[in-house]
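This report concerns only the one structure given below.
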Amino acid sequence: MSACYKTPLRSSIRAQRVFPSTILRTVLRRSVASKPVYEGHIPLNALENAFLAVGSAVMSLADPRRGDMIAALGETTAGPALPRLRDLMLENAEGRQILKDRPRVNSHTVDMDALARLPEGTFGRAYVTWLERCGVTPDTREPVHYIDDPELAYVMQRYRECHDFYHCICNLPVNVSSELALKFFEFVNLGLPVAGISAAFGHLRLSWPQRQRLFAEYVPWALKCGSSARSMITVYWEKRWEQSVQEMKKELGIWDPPEAKWPKALSEAKAAAAKRAAVPSHGESQSHVV
Amino acid sequence: MVRNVFDSVASKYDLMNDAMSLGIHRLWKDDFVSSLKPGRRGPMKCIDVAGGTGDIALRILDYARETYADRETSVAVVDINGQMLKEGYRRFKKTMYHNTPQVSFHEGNAQELSKETFPDNTFDLYTIAFGIRNCTSIPMVLQEAHRVLKPGGTFACLEFSKVTNPLLGSLYDQYSFSVIPLLGTILAGDRESYQYLVESIRRFPSQPEFARMIQDAGFSTGGLFEGKGGAWRDLWGGVACIHTGVKL
């Protein structure tokens, strides 16, 4: 079962050798904006891209609730990281299947009620429990606008939509400290610059005790676990709903971080899930309401 | 469609204006109002159309008060968009004109002003700043302006216009099409509205064309040239422009 996947760190070192000439080539090629190639595509030339990168960085720090700005920052600073991730996906069978199917994650494509009925200990059940505990849905992800290649745009979209799966498998809630811990994890695991930028600046908004806890406990976990785990972008989460969470963590090389503060206790979430499982027909009609 | 655009830009309107024009719009509006000298020949009844957030109305009242000690001049602020008027009302609440007869707010269409609220031959001064390019039918707006003005009353329009200098023009184009939609994305989370604003500027008639339209509506203007004695005056090379006319 353990195929040979290049670890993320080794690949990023290879990428760094081509980094300077890639930038020069990109800037020369992108002096004029191209035409839109997918829905929502907003082509930018190199200057506009730089302007938006700086502007979205400032705005993300000033108002962290602007999810669209963090998304824009990710897209404008992606650079060679996205082609590298796409190549990682192409190198393994599961990743290739994802690129072929291009699955999307939202409440229409994921049947929440079916997942809630799965046995305890499966990934699908754990995901629904996690959503319940944190009070979030998979529907709030900004679509990709500023990536010119449609396949790379999909890789970016996939990264954004799988973020909640990373939360779930790493057993982290959605508070600021946990999000930052996950950004450190994502940065060493996937190599996306925006994860590094968020990690480097996001902690400025924390209080001193929170920051100390972050760097003393979560960051070492994130760096160790993220760099040794398999690249998260190559995991076809939707095909693993029935897989046991423990088995999955062993396969991917992930272990739990220090215990975090959850908004809702596990028992509350379990009770809500049980109530939903007990009324399947009502739940069925609910999932089709737009 | 215009109403929807301004619903979404209303709350950030003043911030966006400052960011997009780097504060220069304030200089343009100061120039516009001081060149009109409101209150010079006694108290005036003014109507400021598409004046939602109250920039021009406030300047008119302040100018009359500070230069001529005039507290009788009044401005009726008219706008098609309720959100913009609300912003204007909020701004005026911070001034001494709130709850006085000097300012009033009306929701209405510049192309069809209500005949009860705005009867014929009522006003001494009609101003419209950065609003006329958003109207579907400029001739209808000009006709209404002609209707509500008294004979001898002044029509004044401040608007973005065509830049004649090619170097300035290409820099301005680059700025408009690249920077402004991105500023809209970053500051207001809304690219489309600001893309619309930039395109509406490009669609607006050139200075001589617009001056001719003002003449066609029955106003007497200066000659069809720029500057002293002319029908218009360019600001910053034509980026903005002040057109004036008098109802005979």
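Keep in mind that glycine also has a Cβ here, set from the backbone N, Cα and C atoms.
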Candidates B:Thr53, B:Thr95, B:Thr154, B:Thr164, the one TrEMBL lists with B:Asp79, B:Asn109, B:Ala110 as binding S-adenosyl-L-methionine
B:Thr53
Protein Cβ atoms within 10 Å of B:Thr53 (S-adenosyl-L-methionine binding site), excluding its own
23
With every protein chain in view, what's the tally of Cβ atoms within 10 Å of the Cβ of B:Asp79 (S-adenosyl-L-methionine binding site), excluding that atom itself?
28
Cβ-based isolation winner (fewest other Cβ atoms within 10 Å) among the binding-site residues B:Asn109, B:Ala110
B:Asn109
